[in-house]
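According to TrEMBL:
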type     : residues : note
ACT_SITE : Ser138   : active site
ACT_SITE : Asp292   : active site
ACT_SITE : His322   : active site
DOMAIN   : 60-207   : domain 'Alpha/beta hydrolase fold-3'
DOMAIN   : 251-325  : domain 'Alpha/beta hydrolase fold-3'
Amino acid sequence: QGRILEKTGLCSQITFGRYVRQGRKLGVDPKLFIQDLQFNKVPVRVYQPKSTSDGRRRGIIFFHGGGWVFGSLDTYEKVCRYISRESESVVVSVQYRLAPEHKYPAAYEDCLNATIYFMKNIEHYGVDPACVVVCGDSAGGNLAAAVSQTLAGRSDLPKLRAQILIYPGLQALDFNLPSYHQNRGVPLLFRERAAFFALLYLNGDALHMQEVLDGSHIPPAMRLKYRKWVSPDNIPEKFKVRGVKPLRPTDFIAEVYETVKRFCEPNLCPLLAEDTIVHQLPESFILTCEYDVLRDDGLLYKKRLEDNGVRVTWYHLEDGFHGIISLFDYCGLSFPAGKRGLDSVVNFLKSL
């Protein structure tokens, strides 16, 4: 499928996809000051409530979703406005560079650099340095988890107060977890597309997509090493009632591994971080959707965090599907589950 996309003009498909998803420019918001700035040369949009505040506000750094390939400040404008207004927080939405033009680690570095800049210049925005939160959905949830892990060991910056991961993609070792089979054909993210996006972010192309889906890209010894973290055994039984397909053993293909071995880097796949990092992470909020190939990534990370003594608030949308939050009030569309999900984020923020 990756090769088909290349033959039919992958770039034109991506350009078209970006155009469709770009979101409409919205008018002024009576309750928010909104400005476009640059943090460390990374474009950002800052949302500040106009209402007076007793003290300094929470600061939320938001990384949008879109498979590292799509998405923009405009795509998530309504989501960011809603979070800023409803939680009375300063929100910084980050326009990181997109794949395939900019491969890993470009997006991660942009998110990290924008976050560090914000933390160092926090007083300009009336934000409490003890209450900075990273937040992202889908690929943005991946970036938020990676940034959070990187900052966990930094003593020269304020500690993050929390991380909010909305149906994050956190690993590319195993595209055969139960949620990948149960929801392989559920919009907005099919199983093939998840591998396709991960490869586009990593290498700028989708070669070897089938081998990655089959699981031939990871050496047996490494699979064994990570089994303690990435395994259906760590997923609660109630999530397997819709059926689990046992992984048929596939032959390891060394030359495929050579092209994708960076999948084992925690900055790309945060689920693979060592316990020494994980136990330093801030209080966490994880949202998962039942009808989502990435559901089990969120469940596995929830378990890892809890096993390491990190406090986790988990919100599961039984009737949710991948991308439902980004469709909040989108072109007149709205899903009640999406609003519930967004409100659960706002309530978590207010509880901090």
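Glycine too: its Cβ is placed from the backbone N, Cα and C atoms.
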Three-state composition of the domain 'Alpha/beta hydrolase fold-3' (60-207), taking helix and strand from DSSP = 62 helix, 25 strand, 61 coil
Do you know offhand how many angstrom separate Asp292 (active site) and His322 (active site) by C-alpha?
-> 5
Active-site residues compared (Ser138, His322) - the one with the fewest other Cβ atoms within 10 Å | His322
